[in-house]
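Asker: According to TrEMBL:
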- 29-51: transmembrane segment (TRANSMEM)
- 63-82: transmembrane segment (TRANSMEM)
- 140-159: transmembrane segment (TRANSMEM)
- 166-192: transmembrane segment (TRANSMEM)
- 236-258: transmembrane segment (TRANSMEM)
- 243-428: domain 'Ammonium transporter AmtB-like' (DOMAIN)
- 295-315: transmembrane segment (TRANSMEM)
- 336-361: transmembrane segment (TRANSMEM)
- 381-406: transmembrane segment (TRANSMEM)
Amino acid sequence: MADASVVVPSAYRNNITAVPDWLNKGDNAWQMVSAALVGMQGMPGLVILYAGLVKKKWALNSAFMALYAFAAIMPCWVLWAYKMSFGRRLLPFWGKAGLAVSQDFLIGQALLPSTHYIDEDANAETAAIQPWYPTATMVFFQYAFAAVTVILLAGSVLGRMSIKAWMVFVPLWITFSYSVGAFSVWGGGFLFQWGIMDYSGGYVVHLASGTAGFTAAYWVGPRLNADRENFPPNNLLLALAGAVLNTHICAATSLLVWTCWDVLFFKKPSVIGAIQGMITGLVCITPGAGLVQGWAALVMGIASGTIPWYTMMSLSRKLPLLQKVDDTLGVFHTHAVAGTLGGALTGLFAHPSLSSLFLPIPHSKGAFYGGKGGVLFLKRLVGASFIIGWNIVATTIILLIVRVWIPLRMSEEELKVGDDAAHGEEAYALAGQGEREAYIQNGVEIEIPQV
């Protein structure tokens, strides 16, 4: 029996019109904090990571490409892309475009209308997802993932993609590529209905960005030979600041394993390698973060510190395609390979009880737990194939259309000079560094960049 003497704080009384009965303040606060943390991975996280990992003459351009993407996604997201990703179904893999800016829409309880599960007999078994916080919170939370995905993609084309082409590419890619993967897996599309579980973006974010980035790198073309052969990071301490270590078991293990492989084969540990290993660990655990047990996360960390290391440090030097495509920061290895690996391992290790909490669809458990668990593993491979295929095709079409009006690649002059030619600005205003020095050759004044 309740104690009548207990005084309920006014903020939790049900008779306050500003606080609807369905609102859970704790859920809402945590979701907002989570959205802010995801957003910080992009800005300032990836902005300063890219600025530090590239050659000095590309520091400003690289940071700006990331910053522009972070900003450009927001209007696209609220004007049409959010509902294409999480709205009502238009096609099995796509939602209907629509505005997400009105007060009536944003202050109401969040609802993902296409996520009701339909069984084989076309009878709805579970209601659509409806968390205990406003739609505005959901829109902001999912925006952060969308923005980070595009920024990750940028890592493949740093140091030569035209900033003007990038400015056009970003809204087109979020519309015709990202929204398809997000709706298919998270928004209630056919992969969701099929039981494909992606806890926090292994497929939607990392596999998509890695595949699209590699595809974009192919069409944009390589950096100058001088840059490919000599591309030292201009500020490793800045890069470390952008790669804040999330002390998950998988991420920490992957960092250690990658470092061990570096020491074993190259006789010395690499800071860049440690950053890459941390990233591959975070990417690998992403699809199964809330679905696998701690021991499985440890195994996934060992795998993510090994297989992407092999593809980046060994296989990329042997396969002609990987040699031809200039993936500046190795996004294909750190995100596409690690994301696919994480998805496959989640299909092996997803715990039945944890899986049922996340997605109440029959046979949603890893193959390790027997029975029909192997079905999930096979479904995940097919789901990965769809994400890969769609991103290759969509990214290719978008870039081929953009290059009709805007060259995808910077001019030779801009490639030689870097930030000063592309933006008229430089990252480091140190006397005599990065300035163009003129000299006379055969009676013609020539400008030579000092890099």
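Note: Cβ is positioned from N, Cα and C throughout, glycine not excepted.
Distances, neighbours, how buried they are, the whole picture for these features please.
Answerer: Same-chain residues lying 6+ beyond the ends of the transmembrane segment (336-361) with a Cβ under 8 Å from its Cβ atoms: 117, 125-126, 192-193, 195, 197-199, 202-203, 205-207, 209-211, 213-214, 279-281, 283-288, 290-293, 296, 299-300, 303-304, 307-308, 311, 367-369, 373, 376-381, 383-384, 388.
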Asker: Compare 29-51, 140-159, 295-315, 381-406 by their Cβ pairs under 8 Å to the transmembrane segment (166-192) and return the stretch that comes out on top.
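Answerer: Looking only at 29-51, 140-159, 295-315, 381-406, the most contacts with the transmembrane segment (166-192) come from 381-406.
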Asker: Taking pairs 6 or more apart in sequence, does the count of Cβ pairs under 8 Å between the transmembrane segment (29-51) and the transmembrane segment (381-406) hit 3 or more?
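Answerer: Counting Cβ pairs under 8 Å (6 or more apart in sequence), the transmembrane segment (29-51) does not reach the transmembrane segment (381-406), since there are fewer than 3.
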Asker: Are there residues at least 6 beyond the ends of the transmembrane segment (381-406) whose Cβ is under 8 Å from a Cβ of it, and what are they?
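Answerer: For the transmembrane segment (381-406), the list is 93, 162, 164-165, 168-169, 172-173, 176-177, 180-181, 184-185, 191, 194, 196, 203-204, 207-208, 211-212, 215-216, 219-220, 336, 339-340, 343-344, 347.
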Asker: At a C-beta cut-off of under 8 Å, are there same-chain residues at least 6 beyond the transmembrane segment (140-159) that contact it? List them, or none.
Answerer: 31-32, 34-36, 38-39, 41-43, 46-47, 50, 54-55, 58, 61-62, 65-66, 69-70, 73-74, 77-78, 81-82, 85-86, 166, 170, 173-174, 178, 182, 201, 204-206, 208-210, 212-214, 216-217, 220, 223, 227, 231, 327-332, 335
